[in-house]
Amino acid sequence: MNIGVLTSGGDSSGMNAAIRAITRTALHYGFDVFGIKQGYNGLLNDTIIELNRGSVANIIQRGGTILGTARSDEFETEQGMAQAKKTIDKHNINAVIVIGGDGTMRGAKIFSEKFKVKMIGLPGTIDNDLYGTDYTIGFDTAINSALDAVDRIRDTAASLERLFFIEVMGRYAGFIALAVGLAGGAEEVLIPETPTNIDALANKINDNIRKGKKSNIIIVSEGDEAGNAFAIAEKIKKCINEPYRVAVLGYIQRGGAPTANDRILASKLGFATVEALMQNIHNCMVGEINKKIVFTPFEETYTKKKNIDSDIYKIIKILSE
Ligand code: F6P
């Protein structure tokens, strides 16, 4: 079997560990492995490199992706997909492993069905918003990087007795915000999954100040329906008599050396993906739920909603009283 592997969409820490696990497992079983550069664009442009054991040496600890990544609009066109199929046939690739988020799984679902290509996915995104896995590769690193930043900001917040709105990534999902809010001891967390009430938030901040809280940290998920951190701060401004600052953490959440959890998850899932292909399992994403490997059809990974842990939300509220 000739196996192609690509990373697509936003990079996430642990993608390299997954590429390493896939390559080494495939070579162990006697397969050839081809790295496809810059996501689905590599199939359009025929930028394919053969991977050997050495190609993936010394990458388990590196963030980003050695294959490069892209969000490819062209791949989504009929013409783009036909071109991609030509490249796959040219290299005699029998199966393609894709590592990425919901857009990556959507592309794989359409392409695999239309052109009868065996594909299998690995969840790689900091957002943790894919159905079919407890955690996505890169989420743990992202929350630890964000937490480190929140801890630093807390020093300033406490010293100057200031209110801070800290915006974290997550696109349309609040997983990063919730985790960082709980671990960072935030006063409030605003996420897209729950309605944000500006008056209630202002009351809570005012109460906290009355109770003698010296600093308040509000974690805002970038996808919150009430707006981003600047917009929310602007709305709150009228109801509080308190100076505030806004910090947008941005791309520091995406890169950096993967945590042990991300390296372990990526290695386990990368290994499982090759073994799945050997059993002719494909057109699905490989995830881990309750420590067990599970296979979820591509379509369900992005159409079914992965629920947030509402206990975390409740705990944050109580612990910050
Ligand atoms: O999906 C990962 C993510 O980092 C989101 O959290 C964020 O909204 C988005 O990617 C940013 O996308 P881009 O890298 O295209 O700016």
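Yeah, the Cβs are placed from backbone N, Cα and C, and that goes for glycine too.
The following features are taken from TrEMBL:
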type     : residues                                                                                               : note
DOMAIN   : 2-277                                                                                                  : domain 'Phosphofructokinase'
BINDING  : Gly10, Arg71, Ser72, Gly101, Asp102, Gly103, Thr104                                                    : ATP binding site
BINDING  : Arg20, Ala21, Ile22, Thr23, Arg24, Arg154, Gly185, Ala186, Glu187, Lys211, Lys213, Lys214, Ser215      : ADP binding site
BINDING  : Asp102                                                                                                 : Mg(2+) binding site
BINDING  : Thr125, Ile126, Asp127, Arg162, Met169, Gly170, Arg171, Glu222, Arg245, Tyr251, Ile252, Gln253, Arg254 : substrate binding site
ACT_SITE : Asp127                                                                                                 : active site, proton acceptor
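Sequence features annotated in TrEMBL and their locations in the structure.
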| residue | record | DSSP class |
| --- | --- | --- |
| Arg24 | ADP binding site | helix |
| Gly103 | ATP binding site | helix |
| Thr125 | substrate binding site | coil |
| Met169 | substrate binding site | coil |
| Gly185 | ADP binding site | coil |
| Lys213 | ADP binding site | coil |
| Arg245 | substrate binding site | strand |
| Ile252 | substrate binding site | helix |
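Using Cα positions, the member of the binding-site residues Arg24, Met169, Gly185, Lys213, Arg245 nearest to Gly103 (ATP binding site) is identified as Met169. Ligand 1 lies under 6 Å from the Cβ of the following binding-site residues, listed in sequence order from Asp102, Gly103, Thr125, Arg171, Lys213: Thr125, Arg171. The closest partner of Lys213 (ADP binding site) among the binding-site residues, by CA position, is Arg245; the full candidate set was Thr104, Arg245, Arg254. Listed in chain order, the residues near the ATP site other than Gly10, Arg71, Ser72, Gly101, Asp102, Gly103, Thr104 are Ser8, Gly9, Gly39, Gly100, Arg106, Gly107, Thr125, each with its Cβ within 8 Å of the site Cβ centroid. Comparing Cα positions, Asp102 (ATP binding site) lies closest to Asp127 out of the binding-site residues Arg24, Asp127, Gly185, Arg245, Arg254. Taking a C-beta cut-off of under 8 Å and a sequence gap of six or more, Arg171 (substrate binding site) has these contacts in its own chain: Asp127, Asp129, Glu222, Gly223. Spatially, by CA atoms, the binding-site residues Gly185, Glu187, Arg245, Ile252 include one closest to Ser72 (ATP binding site), and that is Ile252. When the binding-site residues Asp102, Asp127, Glu187 are scored by other C-beta atoms within 10 Å, Asp127 scores highest.
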